[in-house]
Amino acid sequence: MLGLGTLARKIFGTPNDRKVKSVRSLVARINDLEPEFQALSDEGIKQKTAEFQRRVQEGGESLDDLLPEAFANCREGARRALGLRAFDVQLMGGIFLHQGNIAEMKTGEGKTLVATFPAYLNALAGKGVHVVTVNDYLAKRDAEWMGKVYAQLGLATGVVYPFQSDEEKKAAYAADITYATNNELGFDYLRDNMKASKEEMRQRGHFFAIVDEVDSILIDEARTPLIISGPSQDRSDLYTKVDKLIPELVEEHYKLDEKTRNVTFTEEGNEFLEKRLLETGLLPEGQSLYDPESTTIVHHVNQGLRAHKLFNRDQQYIVRDDEIMLIDEFTGRMMRGRRLSDGLHQAIEAKEGVSIQPENVTLASVTFQNYFRLYEKLGGMTGTAATEAEEFMEIYGLGVVEVPTNRPVARADEHDAVYRTAREKHDGIVASIKDAHERGQPILVGTTSIDKSEALSDLLKAAGIPHNVLNARQHEQEAQIVADAGKLGAVTIATNMAGRGTDIQLGGNVEMKVMQALAADPTAHPDEVRARIEAEHAEEKERVKEAGGLFVLGTERHESRRIDNQLRGRSGRQGDPGRSAFFLSLEDDLMRIFGSDRLDKVLSTLGMKEGEAIVHPWVNKSLEKAQAKVEARNFDIRKQLLKFDDVMNDQRKAIFSQRLEIMETEDLSEIAQDMRYQVIDDLIDQHMPPRSYADQWDIEGMHRAVQDKLGLDAPLAKWAQEEGVDLDVVRERLCEASDRQMTEKAEAFGPETMRSIEKQILLQTIDAKWREHLLTLEHLRSVVGFRGYAQRDPLSEYKTEAFALFESMLNSLRQDVTQKLAQVRPLSEEEQQAMMRQFLDQQRAAAAAEAPVAPAPQPAAAAPQPTPELVGAEAGEPDPAAWGNVARNDPCPCGSGLKYKHCHGRLD
């Protein structure tokens, strides 16, 4: 008998069915327009794009109204550029992306082509579209591949990757459609907000982003902040000394919680630690672990414990070229250039005996959660999102729509086979692989870590089964290994296949085979080579299909069902046959930590012998519940982290917005004046309380403060003795005196130079104060959790204190800017000559060494107008007539180190 919910779904359809049905009429309109666009010439297609741009940018037509025509034009452009005609389901995926949804599309359904439709449509608005991928290889590949479609349509494509120059990045972001990784986009956003002028910024806004492998970027990596950091003091000796203590610990000294991936010292551990730290001299005599002065050493010891107990070689990291390389637990890729913060990376370096790099101090940071919420509109694609639909909606406001496949999925998903021990499981895996291999069926074996993939590889070698291994160590051969994984009888062992970005095609990858054949024989005719290889491939593909298609064998369940589904999804692409199965044991991490007791009872009930596997729906249900429990816990952690990060994010947006306003404003004298007046108000409040008499004022303290902050020698004692002088009079006189001082400075420097000095001081001070504030917030965040023991809500406490700290930072910012502007002065003639001599000495030294040298450091005081002549016998008399055309913002050819417009190009 059907349940009420099932009956209702049969009658009314699921919410997903209704969403799919709602766009069918749009797809029909696009199909109706197809003959009209097929009749256009190549130039006609480009002209259509120009017409669409006018209608949107000048005529005010909405992108929704334009969608059918734009999609029809894009479909025809792709057909001509790539020979690919988009299926109806691909058009549906494109519509859902444009509407700001996540389109769940199975592997092999052509997500890369799908992205071109919403990217093209939204690029017509002229604000730029970002297509986001998980690695640089995919960004470059997709930009080159789909760039042919955009070129056919008359649009420009850019690609952003590390180590490009500012000019290259700016050009890439200025393109209609820009391909980039999530990391590079986030880092460029942070770098832009550290620039000295708006002209130097690379990104031009955040209009629309299409995120490929959206679950990997917005969920798996959501907890990892992007951090731009600078070096701080070197403490490598301390890390080495602390590391020698950790192996002395026994189990009673610490408590390891594998569920939460946390480790803490017990009371016995603290006592042992204090004793050993005193003996080694790391803790001064008479000092306790609980003293405030011990905070630093306690932090280092805690990080050393985490490095030893939570981070394992070949699981969380590998050692290569005297470096610790982190491994992405979800994709198995090496994360080059990524380091753990708070001294944890240094603790791992000490543990492994590699060179210890200096700790870094945070200059700027942002999480992916908050970066991607900057976009006006966001869309995403993945093969697996339904299990995290609630999180996508709650955090990003993104709905998940399952797009129908072009052909029905023909993959057979078998129930899990559960063994009692890992040894029995491995025997079962090897036997299953051997059987499939002998039948010619290609096999993809999924493992969760490098050491497990290599252990399985050893077992297969012992059994005489040829195979390839794909993990972080074989990163360079990745494309070739994946391309061969669908060949007849191929056996491929891979750490997590999530986000690999390359389809496993039955019979192998035709394009890769063609490239290899042409590389081996450059004289061969490309068309003949392709025809021969396509014929061979078709024959091999049929034999692979007869053998059952790709067999995906999982050796362990992941904490997330989504990662398991991604592994399964590698098989059965585009209606191909396939099969998937997971081989598990009660000794697997997930089973041991989360589901072992319950499953043990189930297995005992079902009855089980040595070497025998239990395959039963009960087991699957039990496992799914364990995974759902872990997913719910991880979601709660991410939600809580986001609440804390939102506090910093609001402050970050305020600071970055203020910074941008300063860069865009030509004349900042009014902002500087407002700051100065506020500082005067603060000084009066501090030394001359409201409703007080003159004889109650702290005249001496006020005089020192006015000299320090405003650079004024004001006769405060004399003013205090005058009849009728009150706080308002003192304030007015100080404001007038400070205004006169700044007017005189502006006259001495010249208005343009003074404006430049104000801008430079404001930006430098904001950056310095923001860096200090980030460090303070990090420290607050690390201790605020303890407030829970006092029955106080840590989040509320964090919000209150973070706001107070932000206000304090703004007050300090005003004081520093005012003080620096008061102290800046024109250089004397002697100082100018000394600066020029120093500059020329460095220039000569650089020429002698035949190597570039950094410009001479500029003194704290700024050079005035007019600019002095060069002095000294070697200087010679500059001849401006010989310089040709010099841009006004370029360095002056005379070698003064100043801009041409402030030197020989000055307009008198």
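Cβ from N, Cα, C; glycine included.
As the structure is a computational prediction, the values presented were derived from the model and not from experiment.
For Gly110 (ATP binding site), the same-chain residues lying six or more positions away in sequence with a CB closer than 8 A to its CB are Leu84, Ala86, Phe87, Gln90. According to Swiss-Prot, the feature ATP binding site maps to Gln90, Gly108, Glu109, Gly110, Lys111, Thr112, Asp503.
The Zn(2+) binding site annotation in Swiss-Prot covers Cys892, Cys894, Cys903, His904 and is backed by sequence analysis.
Annotation source Swiss-Prot lists compositional bias 'Low complexity' at 846-864.
Under the heading region 'Disordered', Swiss-Prot lists 846-884.
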Item to check | Other C-beta atoms that fall within 10 angstroms of the C-beta of Gln90 (ATP binding site) | outcome: 26
Checklist outcome for this item: Across Glu109, Asp503, listed as binding-site residues, the smallest other-CB tally within 10 A is for Asp503
Checklist outcome for this item: For Gly108 (ATP binding site), the number of neighbouring Cβ atoms whose distance to its own Cβ is within 10 Å equals 22
Checklist outcome for this item: Ranked by how many other Cβ atoms lie within 10 Å of their Cβ, the binding-site residues Lys111, Thr112 are led by Lys111
Checklist entry - Using the Cβ centroid of Gln90, Gly108, Glu109, Gly110, Lys111, Thr112, Asp503 as the reference point for the ATP site, which residues of the same chain not in that list have Cβ within 8 Å? => result Met105, Thr107, Leu113, Val114
Checklist entry - How far apart, in Å, are the two Cα atoms that lie farthest from each other among Gln90, Gly108, Glu109, Gly110, Lys111, Thr112, Asp503, the residues recorded as binding ATP? => result 17
Next on the checklist: So, three-state DSSP: helix, strand or coil for Thr112 (ATP binding site)?
Outcome noted: helix
